[in-house]
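Peer 1: Could you have a look at this structure, given as structure tokens, before my questions?
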Amino acid sequence: MQKEVGSLIIGVLALQGGVNEHVHHIESIGCKSILVKNALDLSLIDGLIIPGGESTTISKLLKLTNLDSEIIQKAKQGLPIWGTCAGMILLSKEIENDENGHLSLINIRVKRNAYGRQIDSFVAKDIINSIDSSEEFPMVFIRAPYVSKILSSQVEILASIDNNIVAVREGNILATSFHPELTSDLRFHKYFIDICIKNKFN
Ligand code: GLN
């Protein structure tokens, strides 16, 4: 990757959920990482990952710490943000059969726990063209949501499994139903870091 990688600081929202695995991937690629727990942390970073976990819990903690409005402000200024699983739910504008969106930063509607109990967790493999058209990407789903509706033509569909949309991008906001941090494959993290590099240096 580009020489700029070493100068990037990627934040991982560290209120609840699977933080360490993202940190490991970011550092394996050669970026610095910090745990984001307050507005000061947020001011230091070139990109933010919102990890999987429990979206209702993370949402409550976002409100308590006031980080919700800080993140929304940073996103509007162009900070790249990637949400995995619960992170996707937190970023989406609408949530099916549920309350309104939390951060409402990407024009999608999601269905929580969309895959039903008997297949709460599973792994799928498919080509994701934006990531790498030559080799399938492993996708780990854990009580995952999927995108049930796209609410803007600006939203790009990156991946679908069984006709359900599981990865999307709208400008600086990226959301995946699955967990690339739970595999040893670094390509999705590299894709996000590339967005962060373009945002910082172009
Ligand atoms: N089902 C969880 C939620 O609704 C998300 C699960 C996950 O992040 N692995 O928040």
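Including glycine, each Cβ sits where the backbone N, Cα and C put it.
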Peer 1: According to TrEMBL, Gly53, Glu54, Ser55, Ile142, Arg143 bind L-glutamine; which one of Arg109, Arg112 is listed for that same site?
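Peer 2: Looking at Arg109, Arg112, the one TrEMBL places in the L-glutamine site next to Gly53, Glu54, Ser55, Ile142, Arg143 is Arg112.
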Peer 1: Please report the number of other Cβ atoms within 10 Å of the Cβ of Glu181 (active site, charge relay system).
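Peer 2: Taking every protein chain into account, the count is 25.
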Peer 1: Specify the count of other C-beta atoms within 10 Å of the C-beta of Arg143 (L-glutamine binding site).
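Peer 2: A 10 Å sphere around the Cβ of Arg143 (L-glutamine binding site) contains 17 other Cβ atoms.
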Peer 1: Ten-angstrom check, please: count other Cβ atoms within 10 Å of the Cβ of Cys85 (active site, nucleophile), all chains counted.
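Peer 2: The answer is 29 other Cβ atoms.
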Peer 1: Residues with Cβ closer than 8 Å to the Cβ of Ile142 (L-glutamine binding site), same chain and 6+ apart in sequence?
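Peer 2: In sequence order, the residues whose Cβ lies under 8 Å from that of Ile142 (L-glutamine binding site) (at least 6 apart) are Gly52, Cys85, Asp120, Ser121, His179, Leu182.
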